[in-house]
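First the structure, in the form of structure tokens, and then the observations on it.
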């Protein structure tokens with residue numbers, strides 16, 4: 001009886017560990033996809049056309065001229 005109880009508890013632990021590791025794997029895959037999407041975003045260089053949805057490279061979008069430009073400080 002003791003051997004059967006030990007085998008049952010071991011099987012329960014293995015089943016629980018397997019399902020929880022699958023859940024973690026899904027999250028790892030999502031994090032990897034997020035990281036890749038952040039790394040592949042492109043930005044518009046100085047003088048390039050832009051609008052409210054465009055990302056300028058370390059610059060800002062002048063909506064009046066619709067061009068990316070470096071901020072000027074007085």
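Every residue gets a Cβ built from N, Cα and C, even glycine.
According to Swiss-Prot, the feature disulfide bond maps to 43-57, 50-61, 56-68, an assignment based on similarity to another entry. What Swiss-Prot lists as region 'Disordered' is 19-41. Taken from Swiss-Prot, the feature signal peptide applies to 1-17.
Between residue 56 (disulfide bond) and residue 43 (disulfide bond), the C-alpha separation comes to 5 Å. Within the same chain, the residues at least 6 positions away from residue 57 (disulfide bond) whose Cβ sits under 8 Å from its Cβ are 43, 44, 45, 46, 68, listed in sequence order. Long-range Cβ contacts of residue 61 (disulfide bond) within its own chain (separation 6+, distance under 8 Å): 44, 50, 51, 52, 54, 67, 68. For the recorded site, residue 57 (disulfide bond), the DSSP three-state label reads coil. Following the DSSP three-state reduction, the secondary structure of residue 50 (disulfide bond) is coil. Candidate disulfide-bonded residues: 43, 50, 56, 68. Fewest other C-beta atoms within 10 angstroms, 43.
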